[in-house]
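Novice: Would you mind keeping the following structure in view while I ask a few things?
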Amino acid sequence: MDGGGRTRRCTWLKYPTRASRDLMHTYLGLIVVVHLVLIAEASGSPKPCEKDCFSGKCINGSCVCDHGWVGDQCQHCQGRFKLTEPSGSLTDGPINYKYKTKCTWLIEGYPNAVLRLRFNHFATECSWDHMYIYDGDSVFSPMVAVFSGLVVPDSVGNETVPEVVTTSGYALLHFFSDAAYNLTGFNIAYSINSCPNNCSGHGRCSTANSMSGRMYCECEDYWKGEACHVPYCRQDCGSPGRGYCDLTGEKLCVCNDSWQGPDCSLPIPSTEAFWVVPSVKPSPQSLGRASHQALVHSGLMWVVGGYSFNYSYYHMVINYNLETSTWEAVAGGSGPLPRYGHSLALHQGDIHMFGGKLEGGPSNVTDELWVFNILQRTWSLRQPAPPPPHAQEGHSAHLVELASGEPVMLVFFGYSPIYSYISKVQEYNLRSNSWQVVSTGGAVVQGGYGHSSVYDRASGYVFLHGGYKSLSSSKYGLVDHLYRYHVHSRTWLILRESGQARYLHSAVLVSGTMLVFGGNTHNDTSLSNGAKCFSADFLAYDIACDSWKVLPRPGLHRDANRFGHSAVVKNGSVFIFGGFSGLLLNDLLAYTPPSCLAWADADACATAGPGVRCHWVKGQCVPWEPHLAADVVPAPFCPLRPGTTDEQCFRFSDCASCTANTWLCQWCEDRKCMSASSNCTVVNTSRCSQKEEQECSRSANCRSCLLNLNCQWDQQQQECHVLPGQLCGEDWQHIGEVCLRINSSRDSYDNAQHYCKNLGGNIASLITEKQVDFVLEELHKYHLQGKTLSPWVGLRKINVSYWGWEDSTAFTNTSLRWLPREPSDSGFCASLERAHAAGLKANPCTAPTDGLICEKPSLRSRSCRTPCARRSSCANCTSQGMECMWCSSTQRCVDSSAYVVSFPYGQCLEWQTQDCAAQNCSGLRTCGDCLGQVECGWCRDPSDTGRGVCMEGSYRGPLKQLTRAGPRDRDKERPGDRGMVLDQTMCAADRGFSWSFIQCPACQCNGHSRCVNSSVCEQCGNLTAGTHCQTCMPGYYGDPTNGGKCNACKCNNHANMCAVNTGKCFCTTKGIKGEQCQLCDSENRYLGNPLRGTCYYNLLIDYQFTFSLLQDDDHHYTAINFMATPEQANKNLDMSINASNNFNLNITWSLSSTAGTISGEEMPIVARSNIKEHRDSFSCEKFNFRHHHNITFYVYVSNFSWPIKIQIAFSQHNSIMDLVQFFVTFFSCFLSLLLVAAVVWKVKQTCWASRRREQLMRERQQMASRPFASVSMLIEVGGDQEELLQFLPKPIAIEPCWGSRASVLTVLLYLPRLPSGIPPPGQSALLLPLSGVRRRTRRHSSARVWGFAARAFTS
């Protein structure tokens, strides 16, 4: 308010723009700050991974895997896991497992809890990739299952793999895969203390009335079994007409006398077959086993041997009463050790057991022959003479009676670790207690492991099917072959194949039909559609019609897949026991085939089957027997089958096999097997015999090949071939292992020996009866020709009383004897007389005699490598590449071709063909390596620096081998722990030690540092380096793991670095070599003594040397030394050196050539550094070459970098040029140049002429190829000629040549004429000139005439 009382209103007129600008700046600043913060947060956010991390976390764009998982997505298991939840699952990963996978899972429950494992999915490579399951916390606990292959349900409700149960409160699962195929893996669910299989949907889970508190199933009506999975009394057993249900005992159908079957639904006899599972409770006596053998005697099925997971309750012999369905165990006593893969044969109450594989020792295949007397129940070991030819397994045997009445046991095929797959038939004579190999005829057959065979006594036929065999081209696999062997004629016949390869299956003979069940059907994974190992296939071979049929699989309440089982026949029914399906089985299956008596008329009888062959006899249908075939296959009543094609016969490569089969083939003269319907010149079957080449081709390894004297082994191709016709050469005879040659010339002993040596041999040492017989027979032939020989032999008198052969063999006077009153004292060499009696005679060595005998080795190599089975260490086993495989868990070496048959039940936890690791836990020095072996655990020492001891152990602690018998604490060990007992004092916690079994301790510094942040090594000491102090520092070597020491490299001052593991020095001076740089490379002209100096390359004068240090092996070199000695005393010595990189140069001289060994004897001349080239000259007068004859110049090149190329030269030349030499050299060079110039000129002329001729020829061809044309010209007679000449004549035709660079012009011209227009007499009126024009391309075109021709025409 002003003084006048008026109020003044103020408004912002001058400052509002500035204030608003400041506010705007504030807002913009805030926005920029917020934006920068957002950018910073965005840049600090973790980078996402391109792919999902399955078992890990994504950190900065890459997956960091959880413990036990590897891979770029953490998708593969590789380690140990511990599971403690009451239920869960485990898997190898979401995709196919990787090669060389080793994963272990420990499921921990509470003490004595029941753990159940159920396989939701399982697909691994059959026989190679295995899942091992143990009832405990280590691999030393009892094994309960080994799974491999494809595990899927065959049908709804039938599970291929039942639940796996452990009762210790623990379950250890270990998976190993090899380096071949990797499949989809597995997904396994587990639960602790749950009901079996969830009661299969036919009961409820309950704990009522259970003393142990375990869960059990209360089944619904008409269901029984632990998991309520077994139906009973279906359709009420057809009550009351056919039978009734017995609810008081096992809840079975009791059928009336005229009915049969599991539900009494089939009449007796019946045209239908059926399967049943006899109600036999599992018992220790019938402990699961595989690859056992069984036979029937007096109503009992005797089961002998077999493979088992656990031999604690094992009985070598058990029997099953087929009438009362009860088992009985036979006391072992002092009988044989447990074995499997053996054979059994029954003769008059004695069971003969031959061969098989023992469960111990490296070479554990035996040739023992044991006899079990059923009446006395005692074992006795036979000692045949001669012994059996092979120790073998996987064979079969039958007791037969020969035509002479001799009882013999025939052993067919099998596998020997020494001789591989056997194709021979061996015969054991019970009366003479002797073995022999049978010489067979007919077809050439191939033997193998795990086939099946049946014997029909009436016909004398043995039928053999399948097996694992050696195939062509060094391949091995399953086959579906079927052979027939005739006992009396000892001949083979090849029958029709089944079309389904298998081994370890069973076969029985029922009603003229061979029934084949189960087996391992997995062949090469790359060729198979699935990887299923065990099958329930059921095949029937009709012997009469030589045909196969596939029968329905067992329709039981559970799956019957298995291999390695046994099968016997009793009263027309087949009983199958045991086998392997991931679990070792102890169940019994019974199959009753159709009965021929059920068919009431002849027509129906003739068509009975499949699975049975019947024929009509005397008004009834009875089983057909093989002896009725009369050796006619197929029988006349069989249906016609399609004709044989040539392709079906081509596979038979020899005459014998071509004509000894049922394919109706014929052998043609061009050595081909073709069908009988084909036209060819047929070879008479009487001329068909087994050729040596086929006999040799059946041998699967070197030793079996060399058993045949007519065969030789190709080490490179790994095949057996027949020996060539000429093993010795012309005029030589192959006798046994040597070649012999008899010569009739008359010579002294020394001349005879010289003659034999010129032929590559020596005078013969006749040390075998075969050689003596041959020589005597040849001498007899000479005698018949009127020529008597007394040839020298290689026998000399060594001293007064000793005679010896030339090959250093002692003379024994056995195969070849002295003549009467010989040897005489006058003779010191022996000759062979054959006058009245054959014998030796002593003669003076200088006296001549008629004839001599030479010998030399044959071309056949008799040496073989050591068999794999006889190699006792991993290093020795794998020394021959992939030939052998080492199994560390069994400490055995096996042939690579027989790995599958050596471990048919997955006994090998891991194998190697190279890079042998430590063979026991104590040899592993780091925790990571220790836990990489499933049988090991790590005991950490109290220092907590990563040091410790690896030892065999379990989750609970270390284990030690049990050394004494006595009561054991059950808390420390469970029965069946394979001789290992828990001993926690070996890693006692009260002394500061700690036991690690699942995961290594965080601190792993190998005892050379303490850890910060629990896992980071603070500072590596003791000359070590690395994140875990696991390597030595540069300049040191050793193994610092687990407290090991590092030592300084010992390189005699010629290297700063050496190999970390071996200490081998990387010498820095070229020419110095050796583990400790202690030698000069004298083979390459390096001289000196590196122990007292160095090494020098000895240079020649007037030569230039180039040293290229460019290879990877040269990258350690930083120096090279040279030495040169002048050759002429009156000439100066010039020197030049250059290199591709900079170097330091030192040149010295010495009065001797032994510099570098005595300090101070060298005198320096030049010292330069960091140069690339240098030239110098050393005066002969200054250094006095004339008096100092041994003066030597030394050049030291050092401090260069790799790679480098160095050139150096020393030369001596005259200072004043010789004029005579100059002119001679000058004129020689001049004349040489003239001669060369003349030759070049002549060559040039020849080439130019040739090109000119070619050009003319092309032009002529072009002109000849031009099209013809005609031009009509109107010629006017008369006219003014001068007027015509005023114009330039124009061509009537222009013909371009090739390339349009030239043309031919044709012009028509008048010749001079008389005024009347008529040419003068005798002259032409017209002229037709041709002109060649060459065109040039310029700014203005022009033409040049280069040729002209004309032709005149008379008017």
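In case you wondered, yes, glycine gets a Cβ from its N, Cα and C as well.
Just lifted these from TrEMBL, have a look:
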DOMAIN    77-193  domain 'CUB'
DISULFID  Cys195-Cys205  disulfide bond
DISULFID  Cys219-Cys228  disulfide bond
DOMAIN    735-855  domain 'C-type lectin'
DOMAIN    1003-1048  domain 'Laminin EGF-like'
DISULFID  Cys1020-Cys1029  disulfide bond
DISULFID  Cys1032-Cys1046  disulfide bond
TRANSMEM  1219-1243  transmembrane segment
Novice: Write out the long-range same-chain contacts of Cys1029 (disulfide bond), meaning residues 6 or more apart in sequence whose Cβ is under 8 Å from its Cβ.
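Specialist: Those within reach of Cys1029 (disulfide bond), by Cβ under 8 Å and sequence separation of 6 or more, are Gly946, Cys1005, Asn1006, Gly1007, His1008, Ser1009, Cys1017, Cys1020, Gly1021, Asn1022, Pro1040.
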Novice: Can you name the residues of this chain that are 6 or more positions from Cys1046 (disulfide bond) yet have a C-beta less than 8 Å from its C-beta?
Specialist: Asn1022, Leu1023, Thr1024, Cys1032, Met1033, Tyr1036, Tyr1037, Gly1038, Pro1040
Novice: From the DSSP assignment alone, can you count helix, strand and coil residues within the domain 'C-type lectin' (735-855)?
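Specialist: Grouping H, G, I as helix and E, B as strand yields 26 helix, 43 strand, 52 coil.
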Novice: If you skip the near sequence neighbours and keep only those at least six away, which residues in the chain come within under 8 angstroms of Cys195 (disulfide bond), Cβ to Cβ?
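Specialist: Non-local contacts for Cys195 (disulfide bond): Cys205, Ser206, Met215, Tyr216, Cys217, Ala227.
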Novice: Counting other Cβ atoms within 10 Å of each Cβ, which of the disulfide-bonded residues Cys205, Cys219, Cys1020 scores lowest?
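Specialist: Comparing Cβ neighbours within 10 Å for the disulfide-bonded residues Cys205, Cys219, Cys1020, Cys205 has the fewest.
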Novice: So among the disulfide-bonded residues Cys228, Cys1032, who's got the most Cβ atoms within 10 Å?
Specialist: Cys1032
Novice: Averaged over the domain 'Laminin EGF-like' (1003-1048), what pLDDT does the prediction give?
Specialist: 93
Novice: Can you count helix, strand and coil residues in the domain 'CUB' (77-193) using DSSP?
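Specialist: Helix/strand/coil tally for the domain 'CUB' (77-193): 0 helix, 59 strand, 58 coil.
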